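According to Swiss-Prot, the protein carries these features:
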- 174: active site, thioimidate intermediate (ACT_SITE)
- 203-226: NADP(+) binding site (BINDING)
């Protein structure tokens, strides 16, 4: 199997057929809904909160609310449904989550999307939860993860998952690869390609995205949707603490399995970093969309489908050659 990551690959351009990149359509469909871009901010505590979720939904973007404030989930679903907005939440696999799903079914609170979100998703615990969700909330689109192998994708799809989330530990604040020796860190793009070949349903690429070009590369290698943490962290609206050092403003960003999220030092597979303040989230979303429109124009098409068909090369030394924006 060819092993490579985002920075080892360059996509090869095709003849451009549009007069302006603004003609290129970045929309994507996942389940019963279409969204402005194939991008979703990570369901992490320093990336998304209820206010950001609402803003994203109002503006046609996909979102997944994190699962770290369990009590807030029912009121959140009610509020979003009252506003006529898409509801998309996360669940874990512990005992209490089964009762939570039953409560939703009993109260007629049917979310549009539920993401089963654990670090090692190729497990009986996840398979059991998929089956429980499908039985209790048959109308809900179920995303399950995280996984890193074709076997895992097939097994979760067969259990009833409507989409699988691929990526074990490639994220910027994830240290699974260091703490355990396992994961897709350093070969996330190849893992995505490997999994996508086996998938019959959509795949969400999760982790390792460091540039906007990586979104196009993810689409090329089989992703329907791309989950992004660090590029969405550090904005004005981002949850989390702010600090000022030597006149520079920083915001915190920590992993979902870090001691900062858990509140204890137990099975820690995440860390905390401070990122330079990036301004408004809306500006980043606009820039991301414009860059993706440019990617489509380089691919020689008018929509995301064009990117899926382009040729690519694997470059021996990193394409960035030390360059940063």
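Each Cβ is built from the backbone N, Cα and C atoms, and glycine gets one as well.
It should be emphasised that the depicted structure is a prediction, and the values quoted were computed from it without experimental measurement.
Locations of recorded Swiss-Prot features on the structure.
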residue : record               : contacts (Cβ under 8 Å, 6+ apart)
203     : NADP(+) binding site : 153, 163, 164, 165, 166, 192, 195, 196, 222, 223, 224, 225
206     : NADP(+) binding site : 42, 145, 146, 165, 166, 167, 171, 226, 227
209     : NADP(+) binding site : 6, 215, 218, 226, 228, 229, 230, 231
212     : NADP(+) binding site : 231, 287, 288, 291, 292
221     : NADP(+) binding site : 189, 192, 193, 196, 205
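Cβ neighbour count within 10 Å across all protein chains ranks 215 highest among the recorded positions 174, 215. Taking all protein chains in view, 31 other C-beta atoms sit within 10 angstroms of the C-beta of residue 218 (NADP(+) binding site).
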